[in-house]
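Some features that TrEMBL has for this protein:
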type: TRANSMEM; residues: A:6-29; note: transmembrane segment
type: TRANSMEM; residues: A:36-54; note: transmembrane segment
type: TRANSMEM; residues: A:60-80; note: transmembrane segment
type: TRANSMEM; residues: A:112-133; note: transmembrane segment
type: TRANSMEM; residues: A:139-157; note: transmembrane segment
type: TRANSMEM; residues: A:188-209; note: transmembrane segment
type: TRANSMEM; residues: A:239-263; note: transmembrane segment
type: TRANSMEM; residues: A:275-300; note: transmembrane segment
type: TRANSMEM; residues: A:312-335; note: transmembrane segment
Amino acid sequence: MTKPKPWISLGGIGVFAVLLLAVAPLVLTDHWLNNVGKYCCWAIAAVGIGLAWGRGGMLVMGQGVFFALGAYSMAMHLTLESAGDRIPGFMVLYDPLAPLPMFWEPFRSAGFTLLAIVLLPVVLAGILGYALFKRRVKGAYFAILTQALAVALATLISSTIRETGGDTGLSDFKYFFGFVLNDPANKLMVYLVAAGLLVLCLLAVWQLYRSRFGELLVATRDAEERVRFLGYDPANVKLVAFVVSALMASIGGAMFVPIVGIITPAEIGAAASILMIAGVAFGGRASLFGPALGAMAVGWGQSSLGSTWPEGWTYILGLMFVVVILFLPNGLSSLPARIAAARRKPVEQPAPAPVVAELEEVRS
Amino acid sequence: MSTSSKRPRTLVAVGATLALALSGCGARAGDEAVAGGTSAAPSCVDTSGASVKLGFLNSLTGGMAISEKTVSNVLHMAADEINAGGGILGKKIEYVQEDGATDWPTFAEKTEKLLTQDCVAAIFGGWTSSSRKAVKPVVEKNNGLFFYPVQYEGLESSPNIYYTGATTNQQIIPAMDYLASQGVKKLFLAGSDYVFPRTANAIIKLYAAELGIEIVGEEYVPLDKDDWTSQVAKIVAAKPDFVFNTINGSSNVGFVKAYYDAGLKAETTPIISVSIAEEEAPAMGHEVTGQYASWNYFQSLKTDTNPKFIESWKAYPNSSGVTSDPMEAAYISLYLYKALVEAAGSFDVDAVNAAAKAKPITFDAPEGTVTLDGENHHISKPGHIGKINSSNQFDIVWSSDKFIEPDPYLEGYDWFPADIRKQLTDAAG
């Protein structure tokens, strides 16, 4: 099997890193740099979805849950940091006399917050994944279950207005781990951290895809029973991919908060989770760069087309999605390979089964 | 595998970049000169040309579009009128319309875009309190101006926001006074589950205790949910004299349906609303004749300026033909801005704020002549209670004897606990 040479991908990550970390801050206005920072956060989550769905075949429709764990951990810390010794303003508004809810207390600590951003998604995805994969829950059942979790969490947050800010969300953060968020130099720093984390995540999946684990993951996706007969436990392979993808979603969520300055349940619910999937499918779920670039493209469409044609842009998104799924089931990143294949003999790529086949599987 | 030895080096390089980024030379907490916002990029507003750019930020899509499109439309009408009359300080208004998409982070993003990318001199719009809460930190850190046209829960003030809708003492408190005057003893609170109804009801409960009105129930349903069946059953069981409705948007339709399905009637268990106006009344799907609303403007209001406003609106393209309180407040907001800029002789935010404090700014609004309070950035308003008639207009059954001065922190009301007020002002500051 001929694989694309690893240094080409590594070079690609290098070019991507230079574009994001050096070129973008020089050429973009503050507003657009901030927007690109936001797309980076979605892209970090998308890289994880690429790993779990593209390579692992697990249609994770509820990544909003893990995005929320990171985002709300960060938002609670920043809210407390801005409030100082006082109880946050919105809590006073709803119930002036009640104390700070118990689960907020530890988020005063920066160390605990960082630990929570990493450990909460790992533990939750670990428990969830273990229970599901050991019972061999997969396909549509897995997808519906994850989606239901996202809906449930969004509803829970909406209905606990005093504890979580409810539908209004958490906003008005003044400091980011001691740095004044309003300072342009600090805004650039926050952007660079988000972009740097995206590059790190890409490097991590690049290494995973090349490793023995990456081969096993693709094998599990394409022929789980055969992997089992070879003596591996597919559940463990899937569990690792699912946990890593949850961790990435959480990191994306955590950086979303200082960059966008507000987090609400609408950003983590069903629609938001599906939009994350849409970006990944659009870009190419099994490729290295596809998920990240797809997520960034969808984000750009939302800011840009959403301004010029508010009523129409969601139709454009839907139409592009249909076109890509119909004609390029492996996403836009498979376009060069398609063109090359049309010219010469087919280039083999670790492509997932087309969506049609997956639907057949779901139906059966 | 030849590259695997390079990988750690790459990781180290990226790690080093992150470390460098973290050690950036930005301001730290405690450096209060910067925390105040002085380090934000200087304003890019350019008013040297023949026109001035203003931003309109309304939800043109999503759940609130039904209400906010009207506000957007009336802002366009006001801009056209002002331009026909020579503009502001002789400069024609050139507006940039943005869509808030009923999504609070989008409101924040578009506010930043309007201020730093389009360089508008002021922004007009928003409807839900959640959208205002999302916009507030962004206009504050960029030292911009935001004009908010909808009645709200009060307990807020910002040097960068002007509120042309009612605060609680101009809508909620008059409604409570009216209920007390009608001999109401038992009140049921029904609201959407978000910041406005929660806060409004907290205030209502405090004032009800003062008035000797018993609160016999309090129910909330999320803004995007329409099923009120089980909550209305609790109203039936509690047998209140009146229902105080702080439900917003289309959830009202579900509430009114459940209310009539449960056999409740305006004659026995009337509703008083603070979000149902001329525009919404016909959309309830049920006859809402006989129900009440508390507002500062009704289409049926007899003032010198109202007939012309109604006439212009009916003639305006895409208009619904009916006028209502929030759109009237939006109409006021643009004219108030014009008056402020002309008093200041400048579009500069600090100059505008100084002009607001220097002398009372007034505008002959359709609801009457309103006066701006330069300290708290709210306007004086008359209070009215209307009863819906069979043509979905309001018969005014009660009016305040004079214009009510805005008091967002309820400082003139002894029953509002001083320690809560202090906590709120501290948290806001």
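The backbone N, Cα and C atoms fix where each Cβ goes, and this holds for glycine too.
Values in this document were obtained by computation on a predicted structure and should not be read as measured data.
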How about the transmembrane segment (A:188-209) with the transmembrane segment (A:6-29) - do they touch, taking at least 3 C-beta pairs under 8 Å (6 or more apart in sequence) as contact?
yes
Can you tell me which recorded stretch out of A:6-29, A:60-80, A:275-300 has the most Cβ pairs within less than 8 Å of the transmembrane segment (A:139-157)?
A:60-80
For the transmembrane segment (A:275-300) and the transmembrane segment (A:112-133), does the number of C-beta pairs under 8 Å, pairs 6 or more apart in sequence, reach 3 or more?
no
When each of A:6-29, A:60-80, A:239-263 is checked against the transmembrane segment (A:112-133) for Cβ pairs under 8 Å, which one has the most?
A:239-263
